[in-house]
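Quick look at what TrEMBL annotates:
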{"type": "ACT_SITE", "residues": "GLU336", "note": "active site"}
{"type": "ACT_SITE", "residues": "ASP420", "note": "active site, proton donor"}
{"type": "BINDING", "residues": "HIS335, HIS339, GLU416", "note": "Zn(2+) binding site"}
{"type": "DOMAIN", "residues": "41-225", "note": "domain 'CAAX prenyl protease 1 N-terminal'"}
{"type": "DOMAIN", "residues": "229-473", "note": "domain 'Peptidase M48'"}
{"type": "TRANSMEM", "residues": "20-38", "note": "transmembrane segment"}
{"type": "TRANSMEM", "residues": "77-102", "note": "transmembrane segment"}
{"type": "TRANSMEM", "residues": "122-144", "note": "transmembrane segment"}
{"type": "TRANSMEM", "residues": "171-189", "note": "transmembrane segment"}
{"type": "TRANSMEM", "residues": "195-216", "note": "transmembrane segment"}
{"type": "TRANSMEM", "residues": "357-380", "note": "transmembrane segment"}
{"type": "TRANSMEM", "residues": "386-411", "note": "transmembrane segment"}
Amino acid sequence: MGMWASLDALWEMPAEKRIFGAVLLFSWTVYLWETFLAQRQRRIYKTTTHVPPELGQIMDSETFEKSRLYQLDKSTFSFWSGLYSEIEGTLILLFGGIPYLWRLSGRFCGYAGFGPEYEITQSLVFLLLATLFSALTGLPWSLYNTFVIEEKHGFNQQTLGFFMKDAIKKFVVTQCILLPVSSLLLYIIKIGGDYFFIYAWLFTLVVSLVLVTIYADYIAPLFDKFTPLPEGKLKEEIEVMAKSIDFPLTKVYVVEGSKRSSHSNAYFYGFFKNKRIVLFDTLLEEYSVLNKDIQEDSGMEPRNEEEGNSEEIKAKVKNKKQGCKNEEVLAVLGHELGHWKLGHTVKNIIISQVNEFFPVFFLFAVLIGRKELFAAFGFYDSQPTLIGLLIIFQFIFSPYNEVLSFCLTVLSRRFEFQADAFAKKLGKAKDLYSALIKLNKDNLGFPVSDWLFSMWHYSHPPLLERLQALKTMKQH
(Lines of atoms letter the chains of each structure in order from A; the text may use other names.)
(Lines give C-alpha, C1' and ligand atoms only; values in the text may rest on other atoms or scores of the structure.)
Protein backbone atom coordinates (compact mmCIF):
# COMPACT_ATOMS: atom_id res chain seq x y z
CA MET A 1 0.00 0.00 0.00
CA GLY A 2 2.81 2.41 0.95
CA MET A 3 4.55 2.06 -2.41
CA TRP A 4 1.33 2.58 -4.37
CA ALA A 5 0.48 5.58 -2.23
CA SER A 6 3.87 7.10 -3.02
CA LEU A 7 3.34 6.53 -6.74
CA ASP A 8 -0.11 8.11 -6.53
CA ALA A 9 1.39 11.10 -4.74
CA LEU A 10 4.03 11.41 -7.46
CA TRP A 11 1.45 11.44 -10.24
CA GLU A 12 -0.63 13.99 -8.35
CA MET A 13 2.29 16.43 -8.46
CA PRO A 14 2.23 19.21 -11.10
CA ALA A 15 3.51 18.14 -14.52
CA GLU A 16 6.59 20.36 -14.33
CA LYS A 17 7.62 18.77 -11.01
CA ARG A 18 7.24 15.27 -12.46
CA ILE A 19 9.32 16.20 -15.51
CA PHE A 20 12.06 17.75 -13.38
CA GLY A 21 12.14 14.75 -11.02
CA ALA A 22 12.24 12.29 -13.90
CA VAL A 23 15.17 14.14 -15.51
CA LEU A 24 17.19 14.09 -12.30
CA LEU A 25 16.30 10.46 -11.60
CA PHE A 26 17.34 9.32 -15.06
CA SER A 27 20.56 11.33 -14.94
CA TRP A 28 21.63 9.67 -11.70
CA THR A 29 20.46 6.25 -12.92
CA VAL A 30 22.74 6.55 -15.96
CA TYR A 31 25.60 7.79 -13.77
CA LEU A 32 25.23 4.86 -11.35
CA TRP A 33 25.05 2.41 -14.27
CA GLU A 34 28.22 3.86 -15.78
CA THR A 35 29.92 3.75 -12.38
CA PHE A 36 28.88 0.12 -11.90
CA LEU A 37 30.38 -0.78 -15.29
CA ALA A 38 33.56 1.18 -14.56
CA GLN A 39 34.02 -0.61 -11.24
CA ARG A 40 33.67 -3.98 -12.98
CA GLN A 41 36.44 -2.99 -15.38
CA ARG A 42 38.54 -1.51 -12.57
CA ARG A 43 38.34 -4.87 -10.79
CA ILE A 44 39.87 -6.41 -13.92
CA TYR A 45 42.73 -3.91 -13.81
CA LYS A 46 43.38 -4.66 -10.14
CA THR A 47 43.19 -8.45 -10.22
CA THR A 48 44.76 -9.27 -13.60
CA THR A 49 48.38 -8.71 -12.58
CA HIS A 50 50.01 -11.33 -14.82
CA VAL A 51 49.90 -11.81 -18.56
CA PRO A 52 47.16 -14.36 -19.35
CA PRO A 53 48.40 -17.46 -21.23
CA GLU A 54 46.54 -16.51 -24.41
CA LEU A 55 48.47 -13.20 -24.47
CA GLY A 56 51.88 -14.69 -23.78
CA GLN A 57 52.97 -14.57 -27.41
CA ILE A 58 51.89 -11.00 -28.09
CA MET A 59 52.60 -8.99 -24.94
CA ASP A 60 55.56 -8.98 -22.54
CA SER A 61 55.06 -8.65 -18.78
CA GLU A 62 56.65 -5.18 -18.59
CA THR A 63 54.30 -3.68 -21.17
CA PHE A 64 51.35 -5.50 -19.60
CA GLU A 65 52.12 -3.96 -16.19
CA LYS A 66 52.61 -0.48 -17.69
CA SER A 67 49.27 -0.65 -19.44
CA ARG A 68 47.57 -1.97 -16.31
CA LEU A 69 48.85 0.92 -14.19
CA TYR A 70 48.00 3.46 -16.90
CA GLN A 71 44.42 2.22 -17.16
CA LEU A 72 44.10 2.16 -13.35
CA ASP A 73 45.12 5.82 -13.19
CA LYS A 74 42.70 6.70 -15.98
CA SER A 75 39.95 4.78 -14.20
CA THR A 76 40.52 6.71 -10.96
CA PHE A 77 40.53 10.02 -12.83
CA SER A 78 37.36 9.08 -14.69
CA PHE A 79 35.57 8.23 -11.44
CA TRP A 80 36.30 11.56 -9.76
CA SER A 81 35.77 13.71 -12.85
CA GLY A 82 32.49 11.87 -13.57
CA LEU A 83 31.29 12.36 -9.99
CA TYR A 84 32.13 16.05 -10.13
CA SER A 85 30.33 16.45 -13.45
CA GLU A 86 27.19 14.73 -12.16
CA ILE A 87 27.12 16.79 -8.94
CA GLU A 88 27.76 20.00 -10.88
CA GLY A 89 24.93 19.25 -13.31
CA THR A 90 22.55 18.39 -10.46
CA LEU A 91 23.34 21.60 -8.56
CA ILE A 92 22.86 23.69 -11.69
CA LEU A 93 19.39 22.21 -12.12
CA LEU A 94 18.41 22.38 -8.44
CA PHE A 95 19.49 25.99 -7.96
CA GLY A 96 18.16 27.31 -11.25
CA GLY A 97 21.48 27.81 -12.99
CA ILE A 98 19.97 27.76 -16.48
CA PRO A 99 17.33 30.48 -15.94
CA TYR A 100 19.88 32.53 -13.97
CA LEU A 101 22.33 32.44 -16.87
CA TRP A 102 19.52 33.40 -19.26
CA ARG A 103 18.61 36.41 -17.12
CA LEU A 104 22.28 37.36 -16.87
CA SER A 105 22.55 37.18 -20.65
CA GLY A 106 19.51 39.48 -20.87
CA ARG A 107 21.19 42.01 -18.58
CA PHE A 108 24.34 42.02 -20.70
CA CYS A 109 22.21 42.55 -23.80
CA GLY A 110 20.40 45.39 -22.02
CA TYR A 111 23.70 47.12 -21.28
CA ALA A 112 24.40 47.04 -25.03
CA GLY A 113 20.98 48.44 -25.89
CA PHE A 114 19.26 45.18 -26.90
CA GLY A 115 15.85 44.55 -25.35
CA PRO A 116 13.95 41.29 -24.75
CA GLU A 117 12.76 41.30 -28.37
CA TYR A 118 16.33 40.46 -29.46
CA GLU A 119 16.02 36.84 -28.40
CA ILE A 120 18.63 35.50 -30.83
CA THR A 121 21.19 38.02 -29.57
CA GLN A 122 20.44 37.01 -25.98
CA SER A 123 20.73 33.35 -27.02
CA LEU A 124 24.23 33.94 -28.42
CA VAL A 125 25.33 35.65 -25.21
CA PHE A 126 23.88 32.72 -23.27
CA LEU A 127 25.87 30.25 -25.40
CA LEU A 128 29.06 32.27 -24.97
CA LEU A 129 28.68 32.39 -21.17
CA ALA A 130 27.69 28.71 -20.94
CA THR A 131 30.67 27.50 -23.00
CA LEU A 132 32.99 29.82 -21.05
CA PHE A 133 31.73 28.36 -17.77
CA SER A 134 32.19 24.84 -19.12
CA ALA A 135 35.72 25.60 -20.31
CA LEU A 136 36.77 27.13 -16.99
CA THR A 137 35.31 24.37 -14.80
CA GLY A 138 36.80 21.70 -17.07
CA LEU A 139 40.25 23.29 -17.22
CA PRO A 140 41.60 21.90 -13.90
CA TRP A 141 40.54 18.38 -14.90
CA SER A 142 42.14 18.74 -18.31
CA LEU A 143 45.36 20.07 -16.76
CA TYR A 144 45.53 17.16 -14.33
CA ASN A 145 44.83 14.60 -17.04
CA THR A 146 47.53 16.04 -19.33
CA PHE A 147 50.30 17.01 -16.91
CA VAL A 148 49.84 14.32 -14.26
CA ILE A 149 48.38 11.15 -15.82
CA GLU A 150 49.58 11.48 -19.43
CA GLU A 151 52.92 12.90 -18.26
CA LYS A 152 53.43 10.12 -15.74
CA HIS A 153 52.95 7.45 -18.38
CA GLY A 154 55.09 9.09 -21.05
CA PHE A 155 52.41 10.36 -23.45
CA ASN A 156 52.32 14.11 -22.88
CA GLN A 157 54.61 16.19 -25.08
CA GLN A 158 53.13 19.62 -24.30
CA THR A 159 54.48 22.49 -22.27
CA LEU A 160 52.09 24.47 -20.06
CA GLY A 161 52.41 27.46 -22.39
CA PHE A 162 51.52 25.37 -25.44
CA PHE A 163 48.58 23.79 -23.58
CA MET A 164 47.09 27.15 -22.60
CA LYS A 165 47.54 28.63 -26.08
CA ASP A 166 45.89 25.55 -27.51
CA ALA A 167 42.96 25.79 -25.08
CA ILE A 168 42.37 29.48 -25.89
CA LYS A 169 42.61 28.78 -29.61
CA LYS A 170 40.09 25.92 -29.34
CA PHE A 171 37.66 28.14 -27.45
CA VAL A 172 37.91 30.96 -30.00
CA VAL A 173 37.54 28.63 -33.01
CA THR A 174 34.56 26.94 -31.34
CA GLN A 175 32.82 30.30 -30.86
CA CYS A 176 33.54 31.32 -34.46
CA ILE A 177 31.63 28.23 -35.60
CA LEU A 178 29.04 27.81 -32.85
CA LEU A 179 27.65 31.35 -32.68
CA PRO A 180 26.96 31.98 -36.41
CA VAL A 181 25.55 28.46 -36.92
CA SER A 182 23.33 28.77 -33.84
CA SER A 183 22.03 32.20 -34.84
CA LEU A 184 21.07 30.94 -38.31
CA LEU A 185 19.42 27.81 -36.87
CA LEU A 186 17.36 29.87 -34.40
CA TYR A 187 16.37 32.26 -37.19
CA ILE A 188 15.24 29.36 -39.40
CA ILE A 189 13.17 27.89 -36.56
CA LYS A 190 11.49 31.26 -35.93
CA ILE A 191 10.58 32.02 -39.55
CA GLY A 192 10.05 28.44 -40.77
CA GLY A 193 6.36 28.21 -39.98
CA ASP A 194 4.68 24.84 -39.43
CA TYR A 195 7.41 22.97 -41.32
CA PHE A 196 10.39 24.65 -39.67
CA PHE A 197 11.75 21.27 -38.56
CA ILE A 198 12.34 20.29 -42.20
CA TYR A 199 14.27 23.48 -42.92
CA ALA A 200 16.22 23.14 -39.65
CA TRP A 201 17.16 19.57 -40.53
CA LEU A 202 18.29 20.55 -44.04
CA PHE A 203 20.36 23.37 -42.55
CA THR A 204 22.11 21.11 -40.05
CA LEU A 205 22.77 18.59 -42.84
CA VAL A 206 24.47 21.25 -44.97
CA VAL A 207 26.48 22.55 -42.01
CA SER A 208 27.68 19.07 -41.02
CA LEU A 209 28.77 18.29 -44.61
CA VAL A 210 30.57 21.62 -44.92
CA LEU A 211 32.38 21.13 -41.62
CA VAL A 212 33.48 17.62 -42.58
CA THR A 213 34.76 19.00 -45.89
CA ILE A 214 36.72 21.95 -44.51
CA TYR A 215 37.88 20.52 -41.17
CA ALA A 216 41.18 18.95 -42.22
CA ASP A 217 42.05 21.72 -44.71
CA TYR A 218 41.18 24.82 -42.70
CA ILE A 219 40.44 23.97 -39.06
CA ALA A 220 42.85 21.17 -38.07
CA PRO A 221 45.92 23.06 -39.45
CA LEU A 222 45.20 25.82 -36.92
CA PHE A 223 46.26 23.34 -34.23
CA ASP A 224 48.69 20.92 -35.88
CA LYS A 225 51.24 21.07 -38.67
CA PHE A 226 50.31 19.08 -41.80
CA THR A 227 53.01 18.24 -44.36
CA PRO A 228 52.78 16.13 -47.52
CA LEU A 229 54.17 12.63 -47.11
CA PRO A 230 57.61 12.69 -48.80
CA GLU A 231 58.07 10.86 -52.08
CA GLY A 232 59.26 7.32 -51.48
CA LYS A 233 58.27 3.70 -51.22
CA LEU A 234 55.53 4.21 -48.60
CA LYS A 235 53.76 6.91 -50.61
CA GLU A 236 54.02 4.84 -53.80
CA GLU A 237 52.55 1.76 -52.10
CA ILE A 238 49.71 3.82 -50.59
CA GLU A 239 48.86 5.19 -54.03
CA VAL A 240 48.98 1.71 -55.59
CA MET A 241 46.68 0.29 -52.89
CA ALA A 242 44.25 3.21 -53.25
CA LYS A 243 44.15 2.75 -57.02
CA SER A 244 43.54 -0.99 -56.67
CA ILE A 245 40.24 -0.35 -54.87
CA ASP A 246 39.31 2.79 -56.87
CA PHE A 247 39.81 5.08 -53.88
CA PRO A 248 40.09 8.62 -55.38
CA LEU A 249 43.20 9.63 -53.44
CA THR A 250 44.55 13.12 -54.13
CA LYS A 251 46.97 13.78 -51.25
CA VAL A 252 48.67 12.04 -48.33
CA TYR A 253 49.58 14.14 -45.30
CA VAL A 254 51.60 13.57 -42.14
CA VAL A 255 50.38 15.49 -39.09
CA GLU A 256 52.85 16.40 -36.37
CA GLY A 257 50.94 14.83 -33.51
CA SER A 258 54.14 14.20 -31.55
CA LYS A 259 54.28 17.80 -30.32
CA ARG A 260 51.02 17.17 -28.46
CA SER A 261 50.96 13.48 -27.53
CA SER A 262 52.64 10.21 -28.42
CA HIS A 263 49.30 8.49 -29.12
CA SER A 264 48.93 7.52 -32.79
CA ASN A 265 46.16 7.59 -35.37
CA ALA A 266 45.28 7.65 -39.09
CA TYR A 267 42.18 8.72 -41.00
CA PHE A 268 40.86 9.81 -44.39
CA TYR A 269 38.48 12.61 -45.30
CA GLY A 270 36.87 14.38 -48.24
CA PHE A 271 33.90 13.84 -50.53
CA PHE A 272 33.49 12.46 -54.01
CA LYS A 273 36.73 12.51 -56.07
CA ASN A 274 38.78 14.48 -53.57
CA LYS A 275 39.93 12.10 -50.83
CA ARG A 276 42.95 12.70 -48.60
CA ILE A 277 44.73 10.43 -46.13
CA VAL A 278 46.25 11.73 -42.89
CA LEU A 279 48.89 9.79 -40.94
CA PHE A 280 50.08 10.80 -37.49
CA ASP A 281 53.88 10.95 -37.35
CA THR A 282 53.70 8.78 -34.22
CA LEU A 283 52.25 6.00 -36.37
CA LEU A 284 55.31 5.92 -38.64
CA GLU A 285 58.30 4.11 -37.18
CA GLU A 286 60.86 6.09 -39.18
CA TYR A 287 59.13 9.46 -39.23
CA SER A 288 58.25 10.50 -35.67
CA VAL A 289 60.63 12.70 -33.72
CA LEU A 290 59.81 10.49 -30.74
CA ASN A 291 61.63 7.59 -32.37
CA LYS A 292 64.87 9.44 -33.03
CA ASP A 293 67.81 8.87 -30.76
CA ILE A 294 69.62 11.56 -28.82
CA GLN A 295 72.25 12.08 -31.51
CA GLU A 296 69.56 12.77 -34.11
CA ASP A 297 67.73 15.09 -31.72
CA SER A 298 70.88 17.07 -31.05
CA GLY A 299 71.20 17.76 -34.76
CA MET A 300 67.68 19.14 -35.06
CA GLU A 301 66.93 22.83 -35.25
CA PRO A 302 65.68 24.27 -31.95
CA ARG A 303 61.93 24.32 -31.56
CA ASN A 304 60.10 27.34 -30.16
CA GLU A 305 57.81 27.05 -27.16
CA GLU A 306 54.72 26.42 -29.26
CA GLU A 307 56.34 23.34 -30.77
CA GLY A 308 57.55 22.02 -27.47
CA ASN A 309 60.98 21.98 -25.83
CA SER A 310 63.53 19.83 -27.68
CA GLU A 311 65.36 19.08 -24.44
CA GLU A 312 62.16 17.61 -22.99
CA ILE A 313 61.80 15.39 -26.04
CA LYS A 314 65.37 14.16 -25.58
CA ALA A 315 64.62 13.28 -22.00
CA LYS A 316 61.64 11.22 -23.16
CA VAL A 317 63.54 9.13 -25.70
CA LYS A 318 63.55 6.34 -23.14
CA ASN A 319 59.75 6.30 -23.52
CA LYS A 320 59.86 6.28 -27.32
CA LYS A 321 57.08 4.50 -29.13
CA GLN A 322 57.70 1.64 -31.47
CA GLY A 323 55.47 2.79 -34.31
CA CYS A 324 54.69 0.70 -37.38
CA LYS A 325 56.76 -0.43 -40.31
CA ASN A 326 55.65 0.51 -43.82
CA GLU A 327 53.91 -2.82 -44.38
CA GLU A 328 51.99 -2.41 -41.13
CA VAL A 329 51.05 1.19 -41.96
CA LEU A 330 49.65 -0.07 -45.26
CA ALA A 331 47.66 -2.72 -43.39
CA VAL A 332 46.19 -0.07 -41.07
CA LEU A 333 45.27 2.03 -44.10
CA GLY A 334 43.79 -1.06 -45.74
CA HIS A 335 41.49 -1.32 -42.73
CA GLU A 336 40.57 2.39 -42.91
CA LEU A 337 39.95 2.24 -46.66
CA GLY A 338 37.77 -0.80 -46.00
CA HIS A 339 35.38 1.49 -44.13
CA TRP A 340 35.10 3.58 -47.30
CA LYS A 341 34.82 0.69 -49.74
CA LEU A 342 32.16 -1.05 -47.65
CA GLY A 343 30.12 2.13 -47.35
CA HIS A 344 30.47 2.47 -43.58
CA THR A 345 31.03 6.24 -43.78
CA VAL A 346 27.95 6.78 -45.93
CA LYS A 347 25.87 4.46 -43.72
CA ASN A 348 26.88 6.42 -40.62
CA ILE A 349 25.93 9.70 -42.30
CA ILE A 350 22.54 8.30 -43.32
CA ILE A 351 21.86 6.96 -39.82
CA SER A 352 22.85 10.30 -38.31
CA GLN A 353 20.62 12.31 -40.64
CA VAL A 354 17.61 9.99 -40.30
CA ASN A 355 18.01 10.25 -36.53
CA GLU A 356 18.22 14.05 -36.70
CA PHE A 357 15.07 14.31 -38.79
CA PHE A 358 13.03 11.76 -36.89
CA PRO A 359 12.69 11.73 -33.97
CA VAL A 360 14.93 14.67 -33.11
CA PHE A 361 13.62 17.65 -35.10
CA PHE A 362 10.17 16.19 -35.72
CA LEU A 363 9.53 15.51 -32.02
CA PHE A 364 11.11 18.84 -31.16
CA ALA A 365 8.41 20.47 -33.30
CA VAL A 366 5.79 18.55 -31.33
CA LEU A 367 7.20 19.32 -27.89
CA ILE A 368 8.41 22.91 -28.26
CA GLY A 369 4.94 24.30 -27.51
CA ARG A 370 4.60 22.49 -24.17
CA LYS A 371 4.89 25.19 -21.52
CA GLU A 372 5.29 22.66 -18.71
CA LEU A 373 8.68 21.65 -20.18
CA PHE A 374 9.95 25.19 -19.78
CA ALA A 375 8.32 25.59 -16.36
CA ALA A 376 10.08 22.41 -15.17
CA PHE A 377 13.41 24.20 -15.61
CA GLY A 378 12.41 27.57 -14.20
CA PHE A 379 11.08 29.35 -17.30
CA TYR A 380 7.56 30.35 -16.28
CA ASP A 381 7.06 33.56 -18.25
CA SER A 382 8.98 32.91 -21.46
CA GLN A 383 9.83 30.02 -23.77
CA PRO A 384 13.10 30.90 -25.55
CA THR A 385 13.79 28.70 -28.57
CA LEU A 386 17.41 28.02 -27.55
CA ILE A 387 16.29 26.90 -24.09
CA GLY A 388 13.71 24.62 -25.72
CA LEU A 389 16.47 23.04 -27.82
CA LEU A 390 18.59 22.57 -24.69
CA ILE A 391 15.79 21.07 -22.59
CA ILE A 392 14.48 18.69 -25.25
CA PHE A 393 17.79 17.53 -26.76
CA GLN A 394 19.83 17.29 -23.56
CA PHE A 395 17.24 16.22 -20.99
CA ILE A 396 14.01 14.93 -22.51
CA PHE A 397 15.77 12.86 -25.18
CA SER A 398 18.30 11.39 -22.71
CA PRO A 399 16.75 7.88 -22.58
CA TYR A 400 16.52 7.73 -26.37
CA ASN A 401 20.11 8.98 -26.72
CA GLU A 402 21.41 6.27 -24.39
CA VAL A 403 19.70 3.51 -26.37
CA LEU A 404 20.84 4.99 -29.68
CA SER A 405 24.42 5.29 -28.43
CA PHE A 406 24.50 1.62 -27.45
CA CYS A 407 23.07 0.55 -30.82
CA LEU A 408 25.68 2.61 -32.67
CA THR A 409 28.43 1.09 -30.52
CA VAL A 410 27.27 -2.40 -31.50
CA LEU A 411 27.13 -1.37 -35.16
CA SER A 412 30.59 0.18 -34.96
CA ARG A 413 32.10 -3.08 -33.68
CA ARG A 414 30.49 -4.91 -36.59
CA PHE A 415 31.97 -2.40 -39.01
CA GLU A 416 35.43 -2.87 -37.47
CA PHE A 417 35.34 -6.63 -38.04
CA GLN A 418 34.23 -6.04 -41.62
CA ALA A 419 37.06 -3.55 -42.21
CA ASP A 420 39.56 -6.07 -40.81
CA ALA A 421 38.18 -8.67 -43.21
CA PHE A 422 38.57 -6.21 -46.08
CA ALA A 423 42.23 -5.65 -45.17
CA LYS A 424 42.61 -9.43 -45.24
CA LYS A 425 41.25 -9.53 -48.80
CA LEU A 426 44.00 -7.09 -49.72
CA GLY A 427 46.52 -9.59 -48.36
CA LYS A 428 47.21 -7.53 -45.23
CA ALA A 429 46.03 -9.93 -42.48
CA LYS A 430 49.52 -10.76 -41.20
CA ASP A 431 50.67 -7.12 -41.18
CA LEU A 432 47.44 -5.88 -39.60
CA TYR A 433 47.82 -8.55 -36.91
CA SER A 434 51.28 -7.25 -35.96
CA ALA A 435 50.19 -3.60 -36.35
CA LEU A 436 47.32 -4.03 -33.87
CA ILE A 437 49.73 -5.53 -31.34
CA LYS A 438 52.19 -2.66 -31.79
CA LEU A 439 49.51 0.02 -31.60
CA ASN A 440 48.08 -1.56 -28.47
CA LYS A 441 51.55 -1.55 -26.94
CA ASP A 442 52.36 2.00 -28.04
CA ASN A 443 49.10 3.34 -26.61
CA LEU A 444 49.27 1.15 -23.47
CA GLY A 445 45.91 -0.43 -24.18
CA PHE A 446 44.95 -3.09 -21.66
CA PRO A 447 43.96 -6.24 -23.57
CA VAL A 448 41.71 -7.77 -20.89
CA SER A 449 38.22 -6.38 -20.44
CA ASP A 450 35.03 -7.07 -18.55
CA TRP A 451 32.42 -8.38 -21.00
CA LEU A 452 29.66 -6.03 -19.86
CA PHE A 453 31.91 -2.96 -19.82
CA SER A 454 33.27 -3.69 -23.29
CA MET A 455 29.80 -4.47 -24.67
CA TRP A 456 28.48 -1.10 -23.51
CA HIS A 457 31.50 1.11 -24.23
CA TYR A 458 33.86 -0.33 -26.82
CA SER A 459 33.27 1.01 -30.33
CA HIS A 460 36.12 -1.28 -31.43
CA PRO A 461 36.18 -5.01 -30.63
CA PRO A 462 38.58 -6.07 -27.85
CA LEU A 463 42.11 -6.77 -29.10
CA LEU A 464 41.96 -10.52 -28.52
CA GLU A 465 38.76 -10.87 -30.56
CA ARG A 466 40.26 -8.97 -33.50
CA LEU A 467 43.50 -10.95 -33.34
CA GLN A 468 41.61 -14.23 -33.18
CA ALA A 469 39.59 -13.27 -36.26
CA LEU A 470 42.75 -12.21 -38.11
CA LYS A 471 44.54 -15.39 -37.04
CA THR A 472 41.75 -17.42 -38.61
CA MET A 473 42.04 -15.25 -41.72
CA LYS A 474 45.81 -15.81 -41.87
CA GLN A 475 45.37 -19.56 -41.62
CA HIS A 476 42.81 -19.51 -44.43
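Each residue's number is its place along the chain shown, starting with 1.
Every residue, even glycine, has its Cβ placed from backbone N, Cα and C.
TrEMBL does not curate its annotations; it predicts them automatically.
Here the features listed in TrEMBL are painted onto the structure.
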residue: HIS335; record: Zn(2+) binding site; contacts (Cβ under 8 Å, 6+ apart): ALA419, ASP420, PHE422, ALA423, LYS428, LEU432
residue: GLU336; record: active site; contacts (Cβ under 8 Å, 6+ apart): ALA266, TYR267, PHE268, ILE277, ALA419
residue: HIS339; record: Zn(2+) binding site; contacts (Cβ under 8 Å, 6+ apart): THR345, PHE415, ALA419
residue: GLU416; record: Zn(2+) binding site; contacts (Cβ under 8 Å, 6+ apart): SER459, HIS460, PRO461, ARG466
Which of 77-102, 122-144, 171-189, 357-380, 386-411 contacts the transmembrane segment (20-38) most, counting Cβ pairs under 8 Å:
77-102
State the count of C-beta atoms found within 10 angstroms of the C-beta of ASP420 (active site, proton donor), not counting that atom itself.
24
Other than HIS335, HIS339, GLU416, which residues of the chain come within 8 Å of the Zn(2+) site, judged by Cβ distance to the Cβ centroid of those residues?
GLU336, GLY338, HIS344, PHE415, GLN418, ALA419, ASP420, PHE422, ALA423
